[in-house]
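Here the structure is laid out as structure tokens; the discussion comes afterwards.
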Amino acid sequence: MGCDRNCGLIAGAVIGAVLAVFGGILMPVGDMLIEKKIKKETVLEEGTLAFKNWVKTGTEVYRQFWIFDVQNPEDVAVNSSKIKVKQRGPYTYRVRYLAKENITHDSKTHTVSFLQPNGAIFEPSLSVGPENDTFTVLNLAVAYNNTADGVYKVFSGKDDISKVAIIDTYKGKKNLSYWPSYCDMINGTDAASFPPFIEKTQVLQFFSSDICRSIYAVFGAEINLKGIPVYRFILPSLAFASPLRNPDNHCFCTEKIISKNCTSYGVLDIGKCKDGKPVYISLPHFLYASPEISQPIEGLSPNEEEHSTYLDVEPITGFTLRFAKRLQINILVKPARKIEALKGLKQNYFVPILWLNETGTIGDEKAEMFRSQVTGKINLLGLVEITLLSVGVVMFIVFMISYCARRSKRVN
């Protein structure tokens, strides 16, 4: 009878030890299985989860415009006074709803080339007025429709998943021909996705044809997006700093006079990629820009919540599930004796024309699918691992204590 009781306790301890060992073994094995599955599904090839969402995004993307309406043009022209602006908007368009075109796979180089057609549909219900408001300066849909971005050639990740979606060439070139030195390089992805297994310490590099350069984002916070844990990466102020604060930006300063010997910051001269026009980009309301740039303008109120750019990236797959891309288009206006409207000016002005906010968030249906196919399975596996390990350890300890106590009683 005693033997049966002792044998039962020992058997229970052994079962607990086996469960604990199995749970411990399942952790690295499970992680390995997850990694293998993720690597397979994030390759850009027919039949994968990544390819399906890459060809045509299931996310509704909107591009909102705010137009700066100059309130005192005559006063500025005559007295070189401060420019008073009032923003009007938003004027909202649905964009990025067209599938990629001319998709071509190259099995030798493990790349995929494509053209991204542009389209814009005006959304009256999300706008403050009709599309043809007189102060809007241009019809934004006409300027955007029937155009295309590319050709892009990106790595498929078939041979090396750490390169998936990274741009190999843009318009057949590895460089832009706009900037000197390394500033001219095309770095990273197009920000729609990144190679999987993102770490918080990583710097996410991406190329944006809108701003004619590559840029980067750094980790900002952990966020829960519709039940999916994501990492928020933000564009830091350092990315727009002068070379004095960020020496890596020295090759984005292409002249010495307007930039005050490269000491001003927060605006970027993109004239070379805009047919020589005096176009400068910045963040909306000159967020992170030199005080002297916004000082001659009244009516601006920069704040990070409304005017900063961010990417919410699911770290296991590298998919961007929500984003907000914000930028402002400005024109440099300088005194000119031979031009009547400009001869009275006594200073240079960076005149804000408009700013845009392009946003996209994973839809409820897609989020549910993502939770069930990716995060749900990973969480379930993690729960099984912890349960087996915990139950096993508890069983082993309880049964061993009982066994030892019983042996101690018999000895006494």
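Each residue, glycine too, has its Cβ placed from N, Cα and C.
Here's what TrEMBL has on this protein:
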| type | residues | note |
| --- | --- | --- |
| CROSSLNK | LYS409 | ubiquitin cross-link |
| DISULFID | CYS183-CYS251 | disulfide bond |
| DISULFID | CYS212-CYS273 | disulfide bond |
| DISULFID | CYS253-CYS262 | disulfide bond |
| SITE | TYR403 | site 'Critical for TLR4-TLR6 dimerization and signaling' |
| TRANSMEM | 7-29 | transmembrane segment |
| TRANSMEM | 380-405 | transmembrane segment |
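Across the structure, CYS262 (disulfide bond) and CYS273 (disulfide bond) place their CA atoms 20 angstrom apart. Considering only the disulfide-bonded residues CYS251, CYS253, CYS262, CYS273, the Cβ with the fewest other Cβ atoms within 10 Å is that of CYS251. Every protein chain shown contributes to the tally, and the Cβ of CYS212 (disulfide bond) ends up with 19 other Cβ atoms within 10 Å. Spatially close to CYS183 (disulfide bond) yet at least six residues away along the chain are ARG213, ASN249, CYS251, PHE252, judged by Cβ distances under 8 angstroms. Rounded to a whole number, the C-alpha distance linking CYS212 (disulfide bond) with CYS253 (disulfide bond) is 14 angstrom.
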